[in-house]
Amino acid sequence: MFNFWGSKDQQQGQSRPPEASSQSPWYSPSLVSSPSSSRPQTSGQTPAQVSPGEAAGIIVFLKDKSVDELRKLLNDKDAYQQFLLSLDQVKIQNNIKDELRRETLQLARENLEKEPQIMELRNQCRIIRTTELATAQKKLNELERQKEEILKFYSPGSLLHKLQEAMNQVDEESEALQEKFLEKEIDTAAFVQKYKKLRTTYHRRALIHLAAKTSNI
């Protein structure tokens, strides 16, 4: 294998005429002291770390090159770039990058094609929000109000109150019937039958009222 760094040919190349050796390389001098780097780095950047497998793969491409070809890679940026793009690893990365770019552009085109549909759906949502939703909200509020009234009507306190009113009504009817009997406005048989029915209803409601109050307590 060609010994690139510190080779005899390179040392002999340093003794050539000044016009050949005075050509300044375009790469950063730090690359010379970092044999683990397979690509040039700009000034101020940390040299990239190359795995042994990658380095071996690159050396395969470099081992058959002459000293002049290697020196050209170091001094000629365009030559280095052309060599870099010829590597299989770089080709694979470029292919992946191109594929990702194509997919991104395709997604962007699809999104742009769907923009009118998105705008239409947005307008429909706005119409629903301002019309149908407002009507539905109004109906919901009315149903909520009715529910509150029903719950209030059938609440334990409301039912006890209504039962107490029913008791008072039956009690008043009983007193009115008794007054009619005392004033001879109704005969005894009719009085006893109606009065007994009213008092039975009153006591039944009174017992229910008492049981409800006791249970509620």
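Here the Cβ of each residue, glycine as well, is placed from N, Cα and C on the backbone.
Heads up, TrEMBL stuff is auto-annotated, nobody curated it.
The annotation region 'Disordered' is assigned in TrEMBL to 1-51.
Residues or ranges marked as compositional bias 'Low complexity' by TrEMBL: 21-45.
The annotation coiled coil is assigned in TrEMBL to 95-183.
Taken from TrEMBL, the feature domain 'VPS37 C-terminal' covers 137-217. Regional average pLDDT for the domain 'VPS37 C-terminal' (137-217) in the model is 88.
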Exercise. Helix, strand, coil: count each for the residues of the domain 'VPS37 C-terminal' (137-217), based on DSSP.
Key: 73 helix, 0 strand, 8 coil
